[in-house]
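Asker: Attaching a single structure in structure tokens format; questions to follow.
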Amino acid sequence: MLKQTALEQETTVQGQAPDPVVVEDREDQVTLLLQGLTCAACVLKVEKALKKQAGVRSVQVNLAESIALIQGNADPKTLLQSVIDAGYGAEIVEDERTRREKYEVQIQREIRQRKQQGITALFWGLLLMLWGLFGGSMMVTAENRSYWAIVGALTLAIMLFSGGHFFQRAVLNLRRKTATMDTLVALGTGTAWLFSMSIVLIPSFFPENSRHLYFEASAMIIGLVNLGKMLEVKAKQRSSRALESLVDLSPKTARIVTEQGEQEILLEQVQHGMILRLKTGDKVGVDGTVIEGQAWVDESMLTGEPLPVEKTVGEKVSAGTLVADGTLLFRAEQVGQQTMLAHIIRTVRQAQSSKPQIAQLADKISAIFVPVVIAIALFASAIWYVYGPQPNLSYALVIFTTILIISCPCALGLAIPMSIIAGIGRAAELGILVRDADALQKAARADTLVFDKTGTLTQGLPKVTALYCFNDYQQTEVIQFAATLEQGASHPLAKAILDFAATHKVDLTSIAHFQTLQGLGVQGVGVQGKIAKKQILLGNKTLMLQQDIDCHLAEDIFQQKSAVGSTVVFLAVEKQLAGVFVLQDPLREDSAQALQRLAKQGYQLIMLTGDQEKTAQSIAQGLPIKRIIAGVLPSEKAQVIVELQQQGHKVVMVGDGINDAPALAQADVSIAMGTGSDIAIETSELTLMRHSISAVADGIVLSKGILSNMKQNLLGAFVYNVLGIPIAAGVLYPFWQFLLNPMIAGVAMALSSITVATNANRLQKFKVKED
């Protein structure tokens, strides 16, 4: 007699291999690297242009990363041209490494340009300011008109050199009847320069006390905005470090083994079926199967597991992992964009470009923000012109320019994307793969967590610990019948029975006319060999009772083993009980601690299982699970989730098996164990690459941190504009004679974007506290 585990009703055995799960790999996705995006209005323009193209299914434009992800079957060249026609630069990138390299070149070029343009404009503006303070007057007189005309022309040249991109895009926006941050900067600085030059050319048109020039303001504002944008770009660059670290996991070369010997080639040249050698310290470049040798492989960069895993013949190795010790040969099976690492990178990139529900408010405001600001600026300047003190014309100009400059759609556009990029990148570092940013917002608001048992709370590695035979059936017969029905099945319990058969060197036979009984077991009619044409039934006690099979001989075994958390599987031959398998699947080591963390945070914890009530209760002993729902079929699991939702609960479902897929799809947020079935992983919104329930608790805590960060950024952007625009309009002037200088407004606008980006980047160092 042996010892063993727990078999769940929902998974009792299948008689044939299931159809392979086909995972959509997003091959119809086009990625564009964009140039010239400055604010949320730019994002809306590009999205609108792309969505108009035939064959486009969905568009995601990421301001913080300057990329567009387009799903559908549209012609890439058409997509490229639509962005260019909208007034922005774009190029197609094939993979993440290429995108990163081109983006890095683009970023460095922009930083250099912004720095050069900013310093040039600021230097000229400071010279003019110092001249006004110490060397003369900023007023036009008959004696200095020619001097100011030269200064005005030089200022225009400086403005076009340092801020030509603002004016160019502003003109394009005007032609397309749209407005962006470029419009505000160009209109504000251009108006100040035009007003000043008009005074120089036709001074008699202006009252004498209104002939103050603002050449220095035009130059300095452009300089400050450029330097602010340079700092903003640097902050955005830091937010992508987590994804960059994933890209860096792949080596640039690989060592292949041929009949001529070993040869080092570029990783891109590795093809399916090639034999590769790995030595201590090597990074694995592609996915494959070990065919010779043994090594300890560090998978922490993908799974978060700290200890190296032993890899021997027949086991899988994954791209992005590191050989800690040993040497082996393996056959390449998934290469290039087909590797698990490439899939993770695409998923992270997709999630970073997705929009949570909270972003809809920002989008709605961004769509009308710039036109509203221009209207406010015109209205406020008109009020100052009519009712303001003398020189009223100068005051009106200052008010108009200051409102345009201080209004910052940049901070509003960056508020959510920056938090998402930093947060999802941090999640990837913690071994949590996020598919959709909206799932983070929903997870942060959840109040109920529902856990599957086998493979989720337990290790998912059950073993047959005992076998009992009845009615004169022999052990070999019982094992053969059960393993024959289970061959090809993917559930851990089926694998345990097959491993048991292999250990006892029992040969399997073929089976015909089999039928899977969902949630109950597997039956087969006709097994070739010694048991030809005998009806075989394998499943739980409920199945046996439904089929009128007498199980009283095993009743004591069932009660005893179920009470200690074991799963009991019954085998019947020709309507007669033949054997009972006892299986044991221990809890994951961190399940109790992780569930305690969640319970302390006030979550309702539920175990949802198809196993017997006694088995589930035994497993739940010592865990803070207050509710157990046992004996549930896979088709009923989703209904349980529905009932919880009808009661007003926000539900997170955590599972790993095919049978969990309906419940995962129904839940408000779905979390799958990375070791689970493909369909469970594809159904889920969050996938745990770590084999740990602690990752669930980490993910929930991180989701709250990300939502809080998004709210902080959004609130900060709103408060900045709500306070900044009235102050720029002069509401403080009647009380304290305070009027905001346009150059200070330029500094404030730059700082608002930098503040948002810096706050979001705090998520990169987010610490998960374990109670």
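From the backbone N, Cα and C atoms, a Cβ is placed for every residue, glycine too.
Annotated domain 'HMA' per TrEMBL: 28-91, in sequence order. Here TrEMBL flags 119-140, 146-172, 184-206, 212-231, 365-387, 393-416, 714-736, 742-760 as transmembrane segment.
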Asker: Tell me if the transmembrane segment (393-416) touches the transmembrane segment (212-231). I count contact as 3 or more CB pairs below 8 A, with pairs 6 or more residues apart.
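Answerer: When sequence-distant Cβ pairs are counted, the transmembrane segment (393-416) touches the transmembrane segment (212-231), since at least 3 lie under 8 Å.
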Asker: On the 0 to 100 scale, where does the mean pLDDT of the domain 'HMA' (28-91) fall?
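Answerer: The average pLDDT of the model in the domain 'HMA' (28-91) works out to 85.
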Asker: Using Cβ atoms and a strict cutoff of less than 8 Å, what residues sit near the transmembrane segment (393-416) while being 6 or more residues removed from its termini?
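Answerer: Apart from its flanks, the transmembrane segment (393-416) reaches 38-43, 63-64, 180-181, 184-185, 187-189, 191-192, 195, 206-207, 209-210, 212, 214, 217, 221, 225, 232, 236, 355-356, 358-359, 362, 365-366, 369-370, 373-374, 376-378, 380-382, 384-385, 710, 713-714, 716-718, 720-721, 724-725, 727-730, 739-742, 745-746, 748-749, 752-753, 755-757, 760.
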Asker: When you scan the chain for residues with a C-beta under 8 Å from the transmembrane segment (146-172), skipping those not six or more beyond its ends, what do you find?
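Answerer: For the transmembrane segment (146-172), the nonlocal Cβ contacts are 36, 38, 87, 117-118, 120-121, 124, 128, 140, 180, 182-183, 185-187, 189-190, 193, 196-197, 200-201, 213, 215, 218-219, 222-223, 225-226.
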Asker: Do any residues, 6 or more residues outside the transmembrane segment (365-387), come within under 8 Å Cβ-to-Cβ of it, and if so which ones?
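Answerer: 39-41, 43-44, 179-181, 183-184, 187, 393, 395-397, 399-400, 403-404, 407, 409, 412-413, 725, 729-730.
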Asker: Do any residues, 6 or more residues outside the transmembrane segment (714-736), come within under 8 Å Cβ-to-Cβ of it, and if so which ones?
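Answerer: Here the qualifying positions are 358, 361-362, 373, 376, 380, 384, 388, 395, 399, 402-403, 405-408, 411-412, 414-416, 745, 748, 752, 755-756, 759.
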